[in-house]
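Everything below concerns the one structure shown next.
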Amino acid sequence: MGRESRHYRKRSASRGRSGSRSRSRSPSDKRSKRGDDRRSRSRDRDRRRERSRSRDKRRSRSRDRKRLRRSRSRERDRSRERRRSRSRDRRRSRSRSRGRRSRSSSPGNKSKKTENRSRSKEKTDGGESSKEKKKDKDDKEDEKEKDAGNFDQNKLEEEMRKRKERVEKWREEQRKKAMENIGELKKEIEEMKQGKKWSLEDDDDDEDDPAEAEKEGNEMEGEELDPLDAYMEEVKEEVKKFNMRSVKGGGGNEKKSGPTVTKVVTVVTTKKAVVDSDKKKGELMENDQDAMEYSSEEEEVDLQTALTGYQTKQRKLLEPVDHGKIEYEPFRKNFYVEVPELAKMSQEEVNVFRLEMEGITVKGKGCPKPIKSWVQCGISMKILNSLKKHGYEKPTPIQTQAIPAIMSGRDLIGIAKTGSGKTIAFLLPMFRHIMDQRSLEEGEGPIAVIMTPTRELALQITKECKKFSKTLGLRVVCVYGGTGISEQIAELKRGAEIIVCTPGRMIDMLAANSGRVTNLRRVTYVVLDEADRMFDMGFEPQVMRIVDNVRPDRQTVMFSATFPRAMEALVRRILSKPIEVQVGGRSVVCSDVEQQVIVIEEEKKFLKLLELLGHYQESGSVIIFVDKQEHADGLLKDLMRASYPCMSLHGGIDQYDRDSIINDFKNGTCKLLVATSVAARGLDVKHLILVVNYSCPNHYEDYVHRAGRTGRAGNKGYAYTFITEDQARYAGDIIKALELSGTAVPPDLEKLWSDFKDQQKAEGKIIKKSSGFSGKGFKFDETEQALANERKKLQKAALGLQDSDDEDAAVDIDEQIESMFNSKKRVKDMAAPGTSSAPAPTAGNAEKLEIAKRLALRINAQKNLGIESQVDVMQQATNAILRGGTILAPTVSAKTIAEQLAEKINAKLNYVPLEKQEEERQDGGQNESFKRYEEELEINDFPQTARWKVTSKEALQRISEYSEAAITIRGTYFPPGKEPKEGERKIYLAIESANELAVQKAKAEITRLIKEELIRLQNSYQPTNKGRYKVL
């Protein structure tokens, strides 16, 4: 016991030293156990309270941390520091209390229960302490991160503030420096002006720089200077000064040249010191070199000048040239020397020879005798070798007579069937004509011009011409539309003795570059190939302008397969005493062509075509002719579906595609071609065995040219023509062609033609055979120009492309529609329904009214006046007829006639007399009435599709529903140029409504529909008299 007491004494002493309350044990075990239980329960309660308080504090700390993360203010940082210090104090106090509890644990004589409780307490205290340590570590790490973040933020703000201060300081220094430099520069300039002046021996352009610098300095001094501008000015001035000094310093060294490079200015090279003073001075160029070389204002001026020059040149071309003021150099036309063999021939022998050569007929005096071989026409050995090389063995009938006539210098009209060699007939004399003249000099135009109606024919003639021109050293240029003009201009500028052209593009070439591309001053030989077709297609004005610009003593030659009499009078205007040579009659199909005409229904045409293709296509190439571009494309698709590879050729195809198609067809790459009449002229294809007129030709000459594509150069050919009963009017021309060519006419074709003649006679119509040559070209007069301008203005206004700077403002399309409407407006006062326009008469009034009527009838019967008189006259006529007497002409007073005429005039002028208006107002004032608004819009003169757009049932119903106005169609349609008779009116729309706004809405909707249709028609405008050929 002594030891135990001593032991407890020591613990109590230690407790006393630590400042805690001392405990003493009682000698009784029972009392000690109760005390221990009470103490353990109190400790448990304390621990639970501590844990709950610690949990609350942790949660509050976590919330505080989240709030502190979002906040960056220093006040909250200080409060956080205070909270952290308090938490540290609490943790220290908790650690001291735990140390006291651990030292006050019970000895080994305690009960198991107490020991277990103490052990559980120690374990829980150990777990709590470890958790607290982890939390403390996390809090310390977070605090360090926060402190580091705050330090970085503060450091960044401090750096930014210092940076701003340095920038402001640098700007202030630069501003001061710039002002000082400007002052120094001014002083230097003044010193340079007062002292000796530097000079460049080779460059005088910089002498004005000091004055300019002084001026700039004064201007900048007068106004507030921007520091950056001042700095840049300073740099420029220093660079100039540096360049001046370097150039001045290098002036003493002879032959010193080297580039002076700076950061701002481009390379400046000094010249040799010793230079002739008469040479051109150099130029010091700054950075803005592009501005010196290019200016949009200068470009506009150039464009305007070029346009004015082009229009002026074109106007000059359209005007005839005064050849009396131009001195042309003489030239020789007559090269023909008749050989003795031909000179010995008598006139009878000549006539017999001409008859043997397919019946050559000659008109005109002084025509030479026909030749029999190439040698007799007087051509050079080079041409003779070329003829032999290309297989021309002997002259054809047209060549035997045409070549000596042209060689004699005479103008010629050559008429021969297709494939007879007309091209060689005018080419060989042309070569002889050109070789006799001097060679071309720079800037001179051609000597010979060949004009054709189509591009394909121009290319074919060019190809034929080049066979001979290469050996002769002559240059040939083909000028036609549809391709780039720049290449053709380049070829013409290089010079060419021969030009093969289409008329439209030739005029463009003559007008290009103010006439510097080419000219007609040296032209002495003019050829018009297919002349009739050229005039028929509307090229007469262009051809005449070109021909009128050529010297009057030229030699002009015309060739064609057909030459209607109507064209001959026109052609003789440009020929001088021509000789007409005709071979084989006028417009005859070659005898080598077997012609077949089939009367067939439209639906069976394609099957018959497939039958012909199956029979003939293996033997050679085939051309199928149609009348329209749309039909050509449609037939192409049908043939492709039937597994027949083919191509189409018409005026709507691009020129490059047309050239490639013709080349492929000539080479045999493609053996089937669907074409319009664009391929009917001058197209020479070898091995062409069949021509099918899928669409019947509409005139005789067209048939001859189509059939003439086959059976050329002595080969056998076949021509089939499909004709339907609806095309009976064309049967006469086909019968004529068959008869003239000696082919039997099919019976069904004769029957079709006779039925058509009988039908026309029964209807009282005269049958007219059309030659087809009724085309009309441009007149180039004021009327056409005005129409073209109106069309352009209408299109610009519709699309909103009108330029405000145009002198002639575009006519508003709405104003045009309004003027064409010829609108008539009326407002009528109508009586309200259910009301009477007159008061109900009483008995006394009825008697008086009856007496007044009888008196009025008697007066009218005596005087025959007014409307009642007309009724009385009609009654008298009726009574006279019933009694069987004669009817006398009623007498009508002048007043009645005048009133009727006045009413007609008022109706036309839409005029209501004042008397009627006052009567209507009085009637309206006496009775309840309403106004009815009426407006009439005349639509007779609008295009047909525009009329359909607003007169269809759906359109009228839609407009009525939209505007709540009644719309009716009245009047009769009258074609342009025909005026309505008395009592009739042109077709118009009558709009009626009790609301004026409804009438206006209906009119606006009708105007909108017509305007849309007019714009659509304008955008898809196609000329009605469009030719088959497209030549630009």
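Keep in mind that glycine also has a Cβ here, set from the backbone N, Cα and C atoms.
Among the residue ranges 343-371, 372-400, 778-806, the one that Swiss-Prot annotates as motif 'Q motif' is 372-400. Model confidence over the domain 'Helicase C-terminal' (592-753) is summarised by a mean pLDDT of 88. Of the listed binding-site residues, namely Gly419, Gly421, the sparsest CB environment within 10 A is found at Gly421. In the structure shown, the C-beta of Lys422 has more C-beta neighbours within 10 angstroms than that of any other entry among the recorded positions Lys186, Lys325, Lys422. For Lys417 (ATP binding site), the nearest neighbour among the recorded positions Lys186, Lys325, Ser346, judged by Cα separation, is Ser346. Contacts of Ala416 (ATP binding site) defined by a Cβ separation under 8 A and a same-chain sequence distance of 6+ are given as Pro397, Ile398, Lys422, Phe559, Ala561, Val581, Gln582, Val583, Gly584, in order along the sequence. Of all the recorded positions listed here (Ser346, Ser420, Thr423), the one with the fewest other CB atoms within 10 A of its own CB is Ser346. Cα to Cα, Gly419 (ATP binding site) and Lys325 (SUMO2 cross-link) are separated by 43 Å. Between the CA atoms of Ser420 (ATP binding site) and Ser346 (phosphoserine) there is a gap of 27 Å, rounded to the nearest whole number. Put simply, Lys325 (SUMO2 cross-link) is 68 Å from Lys186 (SUMO2 cross-link) when counted between their Cα atoms. Counting every protein chain shown, 28 other Cβ atoms lie within 10 Å of the Cβ of Lys417 (ATP binding site). Among the recorded positions listed (Lys325, Gly421, Thr423), Gly421 has its Cα nearest to the Cα of Ser346 (phosphoserine).
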